[in-house]
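Straight from Swiss-Prot, the features:
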ACT_SITE  LYS34  active site, proton acceptor
ACT_SITE  TYR256  active site, proton acceptor
BINDING   ARG129, MET304  substrate binding site
MOD_RES   LYS34  N6-(pyridoxal phosphate)lysine
Amino acid sequence: MNLLTTKIDLDAIAHNTRVLKQMAGPAKLMAVVKANAYNHGVEKVAPVIAAHGADAFGVATLAEAMQLRDIGISQEVLCWIWTPEQDFRAAIDRNIDLAVISPAHAKALIDTDAEHIRVSIKIDSGLHRSGVDEQEWEGVFSALAAAPHIEVTGMFTHLACADEPENPETDRQIIAFRRALALARKHGLECPVNHVCNSPAFLTRSDLHMEMVRPGLAFYGLEPVAGREHGLKPAMTWEAKVSVVKQIEAGQGTSYGLTWRAEDRGFVAVVPAGYADGMPRHAQGKFSVTIDGVDYPQVGRVCMDQFVISLGDNPHGVEAGAKAVIFGENGHDATDFAERLDTINYEVVCRPTGRTVRAYV
């Protein structure tokens, strides 16, 4: 029996996909499944998303794109992080769309002797991370337009402040993106399918849906903007089996450095999840776990393999083997856990690693 598990609810994934498909309306729905489907397991999750309405998939790396083809995904797949030095020809041969994120990437594709290459141009509209810069637009557009083996399917960009719906930076980026799109079309690139909406923009700015939307986090049932609810169902639960319960005397400490000491005689329990499994060491004293509907605070330093919780005088009789929910079903949700750790729910669902075993329900 596994001591540490992430339970993935595939029915929740299916439900979320249907909700997002309906919200997308006439726009195509691209599912972002990078980072092993946000740590939910792409081999199980992607087929469910495909079966319930996704028109396309987006990933970061070539390996992720190839994996989608290996598991039978037939929809369009867009890969946006690759280098000209990589063997990207194999991806082209498997009908994977490649992002043009710089003039060097454009040149590498233009110089490739493939018969047909589908590309999408990524525009840097203000995030200043990756994407073709404004001073490079004209040169890249004209070069791609002159390459007969290149099919430019569209353009996309990434929004810096979409999780702040009132931030004017989003509209400034959209103005820049539309300027790039107009220039591309002036150079003869039709760019029929364009997209700017990640999860927060998709859920809060229907005026920006364009021809396709590109949510990621929302597929896994998490809300990207605080205070906004869209009927999504969280798919991940991170839980562990209590390994031992022991008595502790008043004044005694626990874990390295004895940074926490019991005020009264009582009990502590050990939960086998440590920083080797994705539980951050700096989480000391910031969160609680839920056992049979009761919250118990984490105390002392988080160790490599385990952390400690205080049971008080253990009125509910917690014993070894009890299920401790770190976040998810019957416990605090991932967003609450993230807030306690001063981070975001995107990171939290990517944390369970190490000896955590994924189980599907």
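Backbone N, Cα and C atoms are what each Cβ position is placed from, and that goes for glycine too.
Given the structure is predicted, the values throughout are model-derived calculations rather than measurements.
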| Site of maximum Cβ density within 10 Å, from recorded positions LYS34, ARG129 | LYS34
| field | Cα-to-Cα gap, MET304 (substrate binding site) vs TYR256 (active site, proton acceptor), nearest whole Å | value | 11
| query | Around TYR256 (active site, proton acceptor), which residues of its chain at least 6 apart sit with Cβ under 8 Å of its Cβ? | reply | GLY300, ARG301, CYS303
| For MET304 (substrate binding site), what is the tally of other C-beta atoms lying within 10 angstroms of its C-beta? | 12
| note | LYS34 (active site, proton acceptor) and ARG129 (substrate binding site), compared by Cα position, are separated in whole Å by 17
| said: So, three-state DSSP: helix, strand or coil for ARG129 (substrate binding site)? | reply: coil
